[in-house]
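What follows is a set of notes on a single structure, which appears directly below.
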Amino acid sequence: MISTYEPVSKKIGHYSANACLLPICSLHGIAVTTVEGIGCTKTRIHPVQERLAKCHGSQCGFCTPGMVMSVYALLRNHPEPSMEQIASALAGNLCRCTGYRPILDGCKTFSEPFCCQRKENGNCCLDQEGKLEGEKTPIKLFSADEFQPLDTTQEFIFPPELMRMAENEPKRTLVFHGERTTWISPTSLKELLELKAKYPKAPLVVGNTSVGIGQHLELLVCPDMKFKGVYHPVIISPARILDLNVVRYMDNGLTLGAACSLALVKDVLTNAVSELPWEKTKIFRALLQQLKTLGGQQIRNIASLGGNIISRKSTSDLNPILAVGNCILNLASREGTRWIPLSDIFADGAGNNTLTPKEILVSVHIPYSRKEEFVSAFRQAQRRENSLPIANTGMRVLFAEDTDIIMDFGIFYGGIGSTSICAKQTCQALIGRHWNEKMLDEACRLVLKEVSLTGSAPGGKVEYRRTLMISFLFKFYLEVLQSLKKMDPHRCPDIPEKYRSVLQDFHTKIHQNKQIYQVKQLPQDPVGRPIMHQAGIKHATGEALYCDDIRAVDEELFLAVVTSSRAHAKIVSIDTSEALRAPGVFDIVTTQDVPAKNEFYIFSDPEILFAKDKVNCVGQIICAVVADSEVHAKQAAAKVKIGYETLEPVILTIEEAIQHNSFFEPQRKLEQGNVDEAFETVDQILEGEIHIGGQEHFYMETQSVLVVPKREDKEMDVYVSTQHPAFIQEMVASCLGVPANRIMCHVKRVGGAFGGKVVNTGLLASVAAVAANKTGHAVRLILDRGDDMLITGGRHPVIGKYKVSGKKCCAQTIGPLYANLFLREDRVCKTNLPSNTAFRGFGFPQSGLITESWMTSIAAKSGLSPEKVREINMYKETEQTFYKQELDPENLVRCWKECIEKSAYYSRKIAVEEFNKQNYWKKKGIAIIPMKYPFGFNKRFLSQAAALVHIYTDGSVLLTHGGIEMGQGIHTKMIQVASRELKIPMSNIHFCETSTTTVPNACVTAASVGTDVNGMAVKDACQTLLKRLEPIISKNPKGSWNDWVKEAFEQSINLSATGYFRESLIISMLYIFYNIKKVKVFIISHSQIEGAFVQGIGLYTMEELKYSPEGVLYTRGPAQYKIPAVCDIPEQFSISLLSSSQNSYAIYSSKGMGEAGLFLGCSVFFAIWDAVTAVRKERGLTEPFTLNSPLTPERIRMACADEFTEMVMRVFFWNTPL
């Protein structure tokens, strides 16, 4: 949080902000508060920290400090915020673990009232619509009565010395000299103009969010300087100049300084809308509509209005409105000032030279709207909030008084070209026309003709973006029609009833949730209770240490990798001469420096440390630079020159791999029965194909490793963020040519992994180890987000082709599919992209979606409902699965029936159908998806675990096991296990770290079995210790734990024990119901279900990887790659444990829910499929169709064919005369 003091008004402002966007030089005179500053475990924790932790709002904990500070900044300004304010404050934060629900739960406690149970009748909103019939009152996950109150009088005051400095010290120009860059912050407009004349190419930086006030703006820390290597000798910061921060109400409009933050602009416009007549504020309202979703609160707090304008980015949500609203720019240079229409800067596209290099944008004048004038803004993005638009628009129309005759018309589009585009010819042609459907039809055709978008346009989605252009126009037509109707009921015709849903915006309601589970043990038994994460408080205070938090080691070096820029090429040369001369560079590491093996075999094809003769993908590591700082290492890495000779073919897709017969061997086949013979005897055969895209892990903590070589015996300590320390130990030992007992791997905690921190981490740790071995220094390697996404692979994309059959039972039904007869053939494609790797679910999310897709298609073909087809094909009695396991379907059937009954599925389905009948342009969908999930590994040796438990003479217990804490709370669970078995409080037990020095050969923490196998090992060790103590306890049954431990020591009884366990395969069964906004899950275990479910929503509906034709990953950060945010979670999410269900195979009936919940997100996919089906049916489209994953807005819209998509297709593909 940053805090500022305004000496004139004597006001202090508090703002949340992204640290990565705040250059240190820009913070002169500003108070900065970090998460460590508001509270810590050594003194006192702040209520925000306490509530987020105790409400279980922290899992891996890496995102928690950001969540805390966003809410803290909000509370400093609004001590009793509304839920809308809370959701807005968190819109700029991302979490990959929790699913956001528990974070919102913690924040709700600050809202008044935070729960509707405060009503006089005592009823909760969750007991109304969608009540879980027959369920007992849920046990609370937390008790709000135990929270310390928020006392605003106890907050830190603004530093008096900064206040005195602002009031007493005269403003002076600030100049900061860096190693390569000079930062200048002038205090007057005159001085700024002199500087701009002297340094015309110097960027002007205010918000530093890729925008600024001057022309030729580049980024200071973000995309340009970070990814493009742009270097600026001089940077000018005009943020302190009063002329650029003006807010002035005038007779004809509002003037805003170019340096005003977007948050300030939003506040000013909000006040203006509340105080001025409605007819004057139509432009203001359109701007406010876009500002609500433009970035997160942290971005809006520092991004400037002027920067947004002058950058002329096509994705600007504000520029189309400002341009169409006839806003005026006030420009200044040393030669003088001038005023120009804002639309002029877009007249000739991105190359527009309206502004000279020496000119500065001083302010923007936004005129008041007129009575007969109407202005609207629309946008479509991959995600509702904090996402750059795919396309947007600003539209304005002015009518002759008391008529519907157009006097002036304006349309500007964003996201269509290289900058905002004006449909000038279309607008001119429509002047004098009446506002009716004939005008609308002509407007659509004209705009498609004028605003060209070729098939090779940057960004793709050509047909979709063209459809959006005329869809926006249609919505604007209806909005204006509605406004005219309100002004004069006789002025224009009524809007048809079925079209009115177009005018209803989506509004997110307050999130509701319910978690129901049973507790049937003694009060002192911690197992099965909602225990706070063992490190939850430390997550919230920033005291939890991750790999990069380890303090610098003496003479530590930093490593930056040099990666391939070609997808398939021969390495001709590596020129490191310039890099070696760069400041701070210590050495460069190549394949020649690897002491032993440069490759590591996991399967038939090797994993390569350093590319030697050729590269097989963009992002493959060729060499690495070690330097005295991370900045110097990256600067030098950019100076390494690689010579290439292109090799053919370059294979980037599955289709291209099939074309070139590029596959890994052997081909996998799973077969049971004679499938060909069965197809000859069936009544119906269905064939189809579905494409499923890949997915980026997007763990919050990127790949991180610190290697510290010791002075003797070739020993090394490797501190690494990994799921598999033993594998890292093996890889590092292999590349260095030393025994594994010389490599000690340590893992305190991991900031998210999801399968992505095993093989990739091993390669990176080995690279760092080779560098440490060569230099003799400790080496730290921390990938930034862009490099992490470029180098490491994610979930495998899949093309699924299916052919299924069944028999008719009677005229109206279809019998079960031949589930006991199947043939599955898998080919793994070899491409020139980074190798994909494990990701939560291990292939099940892809194969499960393929299966449910053909189930849905069978339902469409047979005329049955999807849920009926699924029910027909369920297990009915004890049968063998294709894993050759006996499966009793009792719990499966119970789950299905309970979910249908308690969710009121059929009544909701009727309500959905009724809604769809009444709304032509909005549709709802509903889906219920069953799942039988086989978790664990298919190799028994991978499901073994060991534990080590020490009891010290003071009675305290130190627990160690082979599992890795990465958000699932495994250490907390192991402490619960030890507490139950040893019958001592959890506070007596401590876990330090996972290390290969204490538990050797530990298996990877993955496949949802970490808690089960390690829990059994801990249980085994504790039972061994308790058995040793039994004779002492029996002799002194009334003694205390400390008495028994002390006596045991005195009797020379070993107070240390190891535990061991190995496991066979277990099956977990889950069911889910989803109704667009309401989710109810009935499962045997709900551990991590919400986070997995939301991650599944991302996989199936949102997260899309994009590559260039050369194999370069486009989506290399949160700006391009969208994971679900707070705005994307279900409005109602209820979880219930299946009652009276036991599992004797696992620790205390645990069911391993880490992965299975992810597939449940496909219920959203099929609910959307259901809604699309309703659209197509209403439009007379009866032919079969398939939807691919991710089911993005583009795919949904283009599947909902209508007159607009048809118009686009005619114009775009066949060039039909208009």
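Using the three backbone atoms N, Cα and C, a Cβ is placed for every residue, glycine included.
The [2Fe-2S] cluster 1 binding site annotation in TrEMBL covers C20. Cβ neighbour count for C20 ([2Fe-2S] cluster 1 binding site) (all protein chains, 10 Å cutoff from its Cβ): 12.
Marked as [2Fe-2S] cluster 2 binding site by TrEMBL: C60, C63, C95, C97. Counting only same-chain residues six or more apart in sequence, the Cβ atoms lying under 8 angstroms from the Cβ of C63 ([2Fe-2S] cluster 2 binding site) belong to N93, L94, C95, R96, C97, M700.
Annotated domain 'FAD-binding PCMH-type' per TrEMBL: 176-371, in sequence order.
Residues or ranges marked as FAD binding site in TrEMBL: 204-211, 304-308, D317, L361, R379.
The annotation Mo-molybdopterin binding site is assigned in TrEMBL to Q723, F754, R840, A1007. Counting Cβ atoms from all protein chains shown, F754 (Mo-molybdopterin binding site) has 29 others lying within 10 Å of its own Cβ.
Shown in sequence order, G755, A1007, E1155 are the residues of the chain, 6+ apart in sequence, with a C-beta less than 8 angstroms from the C-beta of F842 (substrate binding site). According to TrEMBL, the feature substrate binding site maps to F842.
The active site, proton acceptor annotation in TrEMBL covers E1155.
When Cβ atoms from all protein chains are considered, those within 10 Å of S304 (FAD binding site) total 30, not counting its own. Sorting the binding-site residues N308, Q723 by the number of other Cβ atoms within 10 Å puts N308 first.
Listed in chain order, the residues near the [2Fe-2S] cluster 2 site other than C60, C63, C95, C97 are S58, Q59, G61, F62, T64, R96, T98, M700, G751, G752, G967, G1091, each with its Cβ within 8 Å of the site Cβ centroid.
Across the residues annotated as binding Mo-molybdopterin (Q723, F754, R840, A1007), the two Cα atoms farthest apart lie 12 Å from each other. N308 (FAD binding site) sits 19 Å from C20 ([2Fe-2S] cluster 1 binding site), taking the Cα positions as reference. Considering only the binding-site residues C60, L361, A1007, the Cβ with the fewest other Cβ atoms within 10 Å is that of A1007. Neighbours of the Mo-molybdopterin site: apart from Q723, F754, R840, A1007, residues of the same chain with C-beta atoms within 8 angstroms of the site's C-beta centroid are A753, G755, G756, A838, F839, F842, T1005, A1006, G1154, E1155. Per-residue pLDDT, averaged over the domain 'FAD-binding PCMH-type' (176-371), rounds to 87.
Spatially, by CA atoms, the binding-site residues C20, C60, R840 include one closest to L361 (FAD binding site), and that is C20.
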